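Among the features that TrEMBL reports, transmembrane segment is placed at 21-42. For 79-223, the entry in TrEMBL reads domain 'Flavodoxin-like'. If you look up TrEMBL, you'll see 85-90, 137-140, 172-181, 207 marked as FMN binding site. If you look up TrEMBL, you'll see 278-519 marked as domain 'FAD-binding FR-type'. What TrEMBL lists as NADP(+) binding site is 297, 533, 583, 584, 589, 590, 591, 592, 593, 626.
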């Protein structure tokens, strides 16, 4: 408007008297600009409530009950079994316990604590003869599983009273780890502190021994104790109770049938970020090479492309991949059970109130279920044998299958030898028990879900922002029964050729964050101990330290597998000391703990004087323990400490984040 006013002010005075204050042009321009300002202001105001979009992806409150108390009251249940589960075993045990309740005139429900408001636990006393059971797995360094994290946080923060709440806990863990069953023990102790009543002792399941046996033994002592506590009797009815009913789809639009997707239908055809456990990214394989030049093992290095996925990772993180089962085994199962594997089916939960409508994505085919969704390779647990026993036509087979599911010494021994030691999967059991031919839908109902496999990432995003590297040994061995058994994931990865008949091979994957991190200060020395494939995360560390050095940063001391890369890093000065132990390829075995003792003076200087960070990656059962012992001995000898003091010294390093482990058993 300033320009228009200036223009009109140049007109003669006579003209000004004759013309109106604003010309038509003035009014037109004024109206136009005012309209644009109002439109801009209104559209800006409307754009602010965009967070509403997020609500579209969340379940509507009416479709999923977040109050487990109201749900229990509505459905007449008095037992709730919560599970903290990372690999599905805790969830499986919870389902078994909730089904058991029926035999005792009670009604149970398995519940994921992530789906419910756990602060309502104090209201459980409103339900007569009620009980909360917790099947809690420990994950990582004594941490809760992902789905139990909020529950754990609530337990730590709450000061609410749980008077009148009856509970018991079964913990799932592994003795080879530092914090054995820490989560289960914490829940058990904390609930008591809050005033809840422990009605049965904490159960301790050890996956390094026989987790199934630990659970069966605890469970068989638990239920009689509950009968006594609540004054009820077992119905004596041990017959199988189906949880799902079969629906066959004879005329269905195949676009509505799941073909391996984990969440959204057709998510593998139209990929949309963010990518996670329910929505993995299909990453093309760009490199697949064998690393070792000698020996009978196949050690592979894979690279997958994450360009355009918006996936971010850091050195030390894990990549989770979803493998598929061997088609040969899937086809054999179809043949032995005499079914058309391409039949389209749904397994629908008989409990309409359950949040879990299907055991796996439905509708789908038996072939897809057995290939993508079900674990058919691991030896089946005793409850599977117990439930399938009714279909054996030979009374002896039926008796033995039921016996294996009991806690009787003879039954335990039979399960240990016939199933575990002989490593029989479900196909081997069907082959060796010709009278056992169960309906395939019941078999599919009972088999656990096929889980993602986690690998330490062997690259740095600073050097490879669009690529993730994996290092793994292909698992292959012959069982006592003469059957060749192949690792599900490593065999599947091995066969992921870069180009397969003109098509790029892809791997469904997502990233799981880790606490296994390089020190914040690059000048801190790092000591990396990683025999075998334990070297994987250290390749990422070495690449990152190399990148920092190229940026001109001061990089601290960095104390044969990736032979070329390690030798190049040593030449470049990224690795200041490369100590290699060849435990397989020579007569005189040399292990990493031997090298630690050989270099003890230099290591102690770095740890005690230079604030070095120690990283251990690999086998938890033997190596990690032996390495820790070697560090105790170094602290004793060179630090003048007793064993107790040395142990405390290393424990303090762990607390400060200077002694980190990424181990597996």
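Count begins at 1; order follows the chain as displayed.
Backbone N, Cα and C define each Cβ position, glycine as well.
Here the domain 'Flavodoxin-like' (79-223) has, by DSSP, the following mix of helix, strand and coil residues: 65 helix, 35 strand, 45 coil. For the binding-site residues given as 177, 180, the lowest number of other CB atoms within 10 Å of the residue's CB is seen at 180. Note on proximity: among 297, 591, 593, the binding-site residues of the record, the Cα nearest residue 177 (FMN binding site) is that of 593. Rounded to a whole number, the C-alpha distance linking residue 85 (FMN binding site) with residue 591 (NADP(+) binding site) is 35 angstrom. In sequence order, 515 constitute the residues six or more apart from residue 140 (FMN binding site) in its chain with CB-CB distances below 8 Å. Residue 88 (FMN binding site) is surrounded by 15 other CB atoms, counting those within 10 A of its CB over all protein chains shown. With respect to their backbone Cα atoms, residue 180 (FMN binding site) and residue 591 (NADP(+) binding site) stand 26 Å from each other.
The candidate set comprises the binding-site residues 137, 174, 591. Of these, 137 has the most other Cβ atoms within 10 Å. Along the domain 'FAD-binding FR-type' (278-519), the predicted structure has mean pLDDT 95.
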